Amino acid sequence: MSESPYTSGTTHFGFRDVAAKDKQKLVGEVFTSVARNYDLMNDLMSLGIHRAWKRYFVATAQVKPGDRVLDLAGGTGDIAVLLKERVGNEGAVVLGDINAGMLSVGRDRLTNRGLVAGFDYVQCNAEALPFPDQSFDLVTISFGLRNVTDKDAALREMYRVLKVGGQARVLEFSEVTADWFKPIYDFHSFKILPKLGQLFARDADSYQYLAESIRKHPPQDSLKGMMGEAGFARCHYKNLTGGIVAIHSGYKI
């Protein structure tokens, strides 16, 4: 079983070792800083491909009209909008995020587009969700799990609030599978991305952290094992774009 950072007392914040109790605050500062430029951040990190990844992530999810869905680390609401299209007028999407700034941006964007009915917004910590057991037919988290301090706790909470028969899905930057591409990817991540962050968002440090956080995230097989330890069955993953990102899925049976 992977070690909880609360057991060891320290965890990583990018490539830095920090006290586990401090990581949530540090991550919060990063996302408060980038909230208004979050879509730009994803465009810079993925060269714009994140939009296709997200569409595929939702299109292949186990969800049907009338379902109730929780989207964690919901950010600016782009995944929530796609999920609402899947669940229809009879369904509901709860957009959860620990960061009030991100949640506010998401709420404002959806409201300005006239997307009000069927959406709820909850500021919540993925490690201790404020929902009863078996509340949702589908639980998703995209580009958020790597920023959680205690990932094992978050996966257990996703399992707890999922209904029997439901699916949990994780979309996250992962480990590149092609050896020839790794130097190119590293160069973009550590040399180009922070400079782009400084140029377009006046915030090189946050973009440096985000690049580092990807390298510290568990690789594909490790995360699959963590999902199994959290209780999920039929765990599997699919690499996209050569492993730059991966979609992990598990079921509550």
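Placed from the backbone N, Cα and C atoms, the Cβ positions cover glycine too.
Feature annotations, reproduced from Swiss-Prot:
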- Thr76, Asp97, Asn125, Ala126, Ser142: S-adenosyl-L-methionine binding site (BINDING)
Spatial neighbours of Ser142 (S-adenosyl-L-methionine binding site) that are distant in sequence (at least 6 apart) but have CB under 8 A: Lys54, Phe57, Asp71, Ala73, Ile79, Val170, Leu171, Glu172
Candidate with the highest Cβ count within 10 Å, taken from the binding-site residues Thr76, Asn125: Thr76
Close in space, distant in sequence - Asp97 (S-adenosyl-L-methionine binding site), Cβ under 8 Å, 6 or more apart: Leu72, Ala73, Gly74, Gly75, Leu103, Gly106, Gln123, Cys124
Cβ neighbour count (within 10 Å, all chains shown) around Ala126 (S-adenosyl-L-methionine binding site): 25
Maximum Cα-Cα separation in Å among residues Thr76, Asp97, Asn125, Ala126, Ser142, which the record lists as binding S-adenosyl-L-methionine: 17
